[in-house]
Amino acid sequence: MMSRKRTIDAYFGIPNPKKTRGSDPQIRDEKPECSANTTITGSNVIETVKTTSVPSVPDGDPTRHSTHESYPFPIPYLPRALEAEIAGLPARDARKTHIRTPRWTTVFGLDETARFQANNPAISGLKVDTMPFKETSKGKVVDARTGRPVPVGQPATNNTPGQKGYKAIPRPIPHCLDVLRRSAEAATGCSFNFCLVNYYASGADSISFHSDDERFLGSLPAIASFSLGARRDFLMKHKPPKSKPGESTSDTTPKPPLKIPLGSGDMVLMRGQTQANWLHSIPKRSGKNELDGGRINITFRQALVKGGTENYYQYNVGNGPVYKWNAAEMKPWTQPPSP
Ligand SMILES: O=C(O)CCC(=O)C(=O)O
Ligand SMILES: [Fe+2]
């Protein structure tokens, strides 16, 4: 059994009654009028602004300059019920597959070529608890252009000519995350159709240096990344410059990574050339910080083609066992039978 300090509940549970407004930027019991259908605007920001400008790179090439922004987002004002729903998302345990960078992952959404059938009572307004996790969404995914049904959950060889389907079983973004998606779109002016969720149960969980530069996101992807729970460092370092044939790169001393501590409610927007030129990571925390508690990371992205949907479901859901947060720890979870 995990100690209370290690759990998400320690962050989303009863706040310390001694704290008063203004004394702590993360007080969670004070919410303005805000319901699931309210558009959350940036006016309720209570965290301090942290804008980090990315310095020019050593070679001075302006095309290698990239943009990311880190600024507060009013997650602290998300209704508590929605936080609980987000914390209760079924997730795949990525520990077994990413031993060096363990964390829990899950994903929702569909690329631009298709959409979930509108006004389908079976999928609209789904609560996370009734969300089909592995069950097929057959008949519920349609081509974005023609509106014709797109097959899901079957090998590509079974597709009829001219009707390219999915091996994956895409799932609509649950309501609680869709509220956040829409407010992220309003705040950034970007469009998002995918939501990836990472859960770092403690400081021992991490994600290693990588860039989200998959071709299915297009050449200049925008990624809005939200933090809930424990404060963790977000590190960014420049990709090594590509050397031209016969040229040595040994004289370029790597700079230390940029460190952006992300607290609960912060949003980082990465865009422009960021994925092309920079790597990012959440390193493990050691010593006393290892037990700082759980952190949920939610990223919104826009996948342009079917390959994005296949890739995201394969790597973030896969076919392994499914776990769900239950009071104090992740427990194996099975899909409730359909009514
Ligand atoms: O947890 C984070 O802040 C980063 C997650 C991330 O980089 C990813 O999911 O690609
Ligand atoms: Fe990433």
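Glycine is no exception: its Cβ is also placed from the backbone N, Cα and C atoms.
Here's what TrEMBL has on this protein:
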- 1-37: region 'Disordered' (REGION)
- 52-72: region 'Disordered' (REGION)
- 145-167: region 'Disordered' (REGION)
- 191-304: domain 'Fe2OG dioxygenase' (DOMAIN)
- N198, Y200, H210, H280, R295, T299, R301: 2-oxoglutarate binding site (BINDING)
- D213: substrate binding site (BINDING)
- 236-263: region 'Disordered' (REGION)
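Overlay of TrEMBL annotations on the structure.
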| residue | record | DSSP class |
| --- | --- | --- |
| N198 | 2-oxoglutarate binding site | strand |
| H210 | 2-oxoglutarate binding site | strand |
| H280 | 2-oxoglutarate binding site | strand |
| R295 | 2-oxoglutarate binding site | strand |
| R301 | 2-oxoglutarate binding site | strand |
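In the vicinity of ligand 1, defined as a Cβ distance under 6 Å, the following of the binding-site residues N198, R295, T299 are placed: N198, T299. Mean pLDDT across the domain 'Fe2OG dioxygenase' (191-304) comes to 84 in this model. Across the fold, the C-alpha of N198 (2-oxoglutarate binding site) and the C-alpha of D213 (substrate binding site) stand 18 Å from each other. For the binding site of 2-oxoglutarate, formed by N198, Y200, H210, H280, R295, T299, R301 according to the record, the largest Cα to Cα distance is 20 Å, rounded to a whole number. Per-class residue totals from DSSP over the region 'Disordered' (145-167), listed helix then strand then coil: 3 helix, 1 strand, 19 coil. The binding-site residues shown are Y200, H280, R295, T299; of these, the one with its CA atom nearest the CA of the residue listed as 'substrate binding site' is H280. In the shown protein chains, 24 other C-beta atoms lie within 10 A of the C-beta of H280 (2-oxoglutarate binding site).
Least packed by the Cβ count within 10 Å, out of the binding-site residues N198, D213, R295, T299, R301, is D213. Cβ-based neighbour count (10 Å, all protein chains) for H210 (2-oxoglutarate binding site) stands at 11.
Taking a C-beta cut-off of under 8 angstroms and a sequence separation of 6 or more, Y200 (2-oxoglutarate binding site) has the following same-chain neighbours: R103, W104, S206, A230, R232, I282, G294, R295, I296, N297.
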